Amino acid sequence: MALPPGPAALRHTLLLLPALLSSGWGELEPQIDGQTWAERALRENERHAFTCRVAGGPGTPRLAWYLDGQLQEASTSRLLSVGGEAFSGGTSTFTVTAHRAQHELNCSLQDPRSGRSANASVILNVQFKPEIAQVGAKYQEAQGPGLLVVLFALVRANPPANVTWIDQDGPVTVNTSDFLVLDAQNYPWLTNHTVQLQLRSLAHNLSVVATNDVGVTSASLPAPGLLATRVEVPLLGIVVAAGLALGTLVGFSTLVACLVCRKEKKTKGPSRHPSLISSDSNNLKLNNVRLPRENMSLPSNLQLNDLTPDSRAVKPADRQMAQNNSRPELLDPEPGGLLTSQGFIRLPVLGYIYRVSSVSSDEIWL
């Protein structure tokens, strides 16, 4: 016959009874803020303390915190033990500073006796105000009056932002179907907002405003900067075309002037003056040219050898003219006569060259 339990054993059983009834004796289920799985929205840089609770059971379990799979150190931890083989319950607290890169917080409980483990999880939804990563526009000619403008803005926000395009006349009404949304799995919180407009007048500036529950962000889009790609290319083409046209005109004018000069030279013909050909000794020589009368000047660098013609080539008419124009006392019909003895050299047909003394030099030729 079994004896009734003593006072000490009865007191021990009464202490374990609430834990055994709530957990089902051996079923260890941790909870974070009273829930096994939950989602919590936090603002960026917000601090929040999470508490993990576990009911009593046999043995003494171990509690640990994991943030995105990384083991964390608990802020406070307390387990209530009842005897050596059971505990009545425990709590553990962990404080999180929210960042947008954080996603999940886990409280893990492990039973050392059975090796079983249980987890409680909280999904972190970190919210932040919109960030405009990039904004731009592309212009093209429209079929009607004005310009066809494609505006785009890359906005990063959580929760997703409402984007409004504003010009100098106020907000631009845009159909949401014109928005192109990128794949959120590959680009978290990044949305491409694109809208196509037709401007009938050039706005001073364009701006985009992104708003959500956390905050508001705006960015301006100056019109002169946007129209640079549309204006610079035609202007450059005009400058290049003007330069080419000017160069062509100058070249054509030069060619016409050269042709006119050549035509005039051919029309006038050769010069009436005798041509002088320069010799190797830099002296001018007469080439088959009849010398002028004796009272005309000769070139200063002319030598006597250049003016001595062949006596056989002298015509009788020229000889008679020279005798009529010469003084009788200076005639020298025979070589080596009076003129030769007086220092004169007779040049038949062509006249005489006189050599006299000079004050500035030894002699001068006339």
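If you go along the chain as it appears here, the first residue is 1 and each next one adds 1.
Quick reminder: no glycine exception, Cβ is built from N, Cα and C everywhere.
Taken from Swiss-Prot as is:
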| type | residues | note |
| --- | --- | --- |
| COMPBIAS | 299-308 | compositional bias 'Polar residues' |
| DISULFID | CYS52-CYS107 | disulfide bond |
| CARBOHYD | ASN106 | N-linked glycosylation site |
| CARBOHYD | ASN162 | N-linked glycosylation site |
| CARBOHYD | ASN175 | N-linked glycosylation site |
| CARBOHYD | ASN192 | N-linked glycosylation site |
| CARBOHYD | ASN205 | N-linked glycosylation site |
| REGION | 299-335 | region 'Disordered' |
| SIGNAL | 1-26 | signal peptide |
| TOPO_DOM | 27-232 | topological domain 'Extracellular' |
| TOPO_DOM | 254-366 | topological domain 'Cytoplasmic' |
| TRANSMEM | 233-253 | transmembrane segment |
In the chain carrying CYS107 (disulfide bond), residues 6 or more apart in sequence that have Cβ under 8 angstroms from it: PRO30, ILE32, PHE50, CYS52, LEU63, ALA64, TRP65, SER92, PHE94, ASN119, ALA120, SER121
Around the Cβ of ASN106 (N-linked glycosylation site), the count of other Cβ atoms that are within 10 Å: 18
Cα-to-Cα gap, ASN162 (N-linked glycosylation site) vs ASN106 (N-linked glycosylation site), nearest whole Å: 33
Neighbour-count leader, CB within 10 A, recorded positions: CYS52, ASN162: CYS52
